[in-house]
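A.B. asks: To start, I am sharing the structure in question, which I have written as structure tokens.
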Amino acid sequence: MTNRSFVTTFILMGLPHAPALDIPLFTIFLVIYVLTVMGNLLILLVIRVDSHLHTPMYYFLTNLSFIDMWFSTVTVPKMLMTLGSPGGRMISFHSCMAQLYCFHFLGSTECFLYTVMSYDRYLAISHPLRYTSMMRGRTCALLATGTWLSGSLHSAVQTTLTFRLPYCGPSQIQHYFCDGPPILRLACADTSVNEMVIFVNIGVVASGCFLLIVLSYVSIVCSILKIRTSEGRHRAFQTCTSHCIVVLCFFVPCVFIYLRPGSRDAVDGVVAVFYTVLTPLLNPVVYTLRNKEVKKALLKLKDKITQSQSK
């Protein structure tokens, strides 16, 4: 098998839609993208300037906001280009390779990070007296670094398996970004082994992370039920609700696309919008609107800005 590819440029077909919807869809996705970037930047700024938020939970949240900001940037701008003009559908072979690597790198890192965040909540609720000693700054840094390194390794495997095959045409990718399954359909070779390895690879990572998250929250629920006061139980449940909402919105679409037999291009494209476009927006929305500490920090930041402007 040769590493040489006869295709130098791919064509992204984009989301299936009527041509009359180009401008409305472009406007909607542009607004969502701007809100996503600004919202996650705001979270990073608030946590940075407010010393009360310098805790393990918000340390991991800064990692999540950073990932979501770039995760959206990897796919949405190119999607806007495909909606803006026919020439925007073109993407070079190496750019497609880079997009695939970055997409799986950030996506798998976020998957691992959700697992670490669930472990952090488990320690905070189930072992509150030992939480501070168990989640020291160095421990948090090692856990975060581990998620980034694991995500990089996982993505390298995906990218290598996909682009080691020869591509000699056709060059039309039935998606709005470069992803493994639609690209493999264009290969001029048998892809059954690649598809199986990718399926197992993603399956082990996604299933393993989700199982650990479920186990963490089963333990958390058991600990919460032992709390005698209803107010204490409500407060404990509330601290975990935000995490659960975002986790479900991230994992369910991924499982639907990557861990099911067969594939439908139109359905996969629409479902992919949820975790590439909407989920990165959910992070700032959920963590700010449902979190009293972040709300207080935002008000403090607003007061500081107002005072500085009045001087």
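The backbone N, Cα and C atoms fix where each Cβ goes, glycine too.
The model shown is predicted, which means the values in this text are computed figures rather than measured ones.
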A.B. asks: Quick one: sort out which of 122-139, 140-157 is the transmembrane segment according to TrEMBL.
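C.D. replies: Range annotated as transmembrane segment by TrEMBL: 140-157.
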A.B. asks: State the mean pLDDT for the domain 'G-protein coupled receptors family 1 profile' (39-287).
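C.D. replies: Residues in the domain 'G-protein coupled receptors family 1 profile' (39-287) carry a mean pLDDT of 85 in this prediction.
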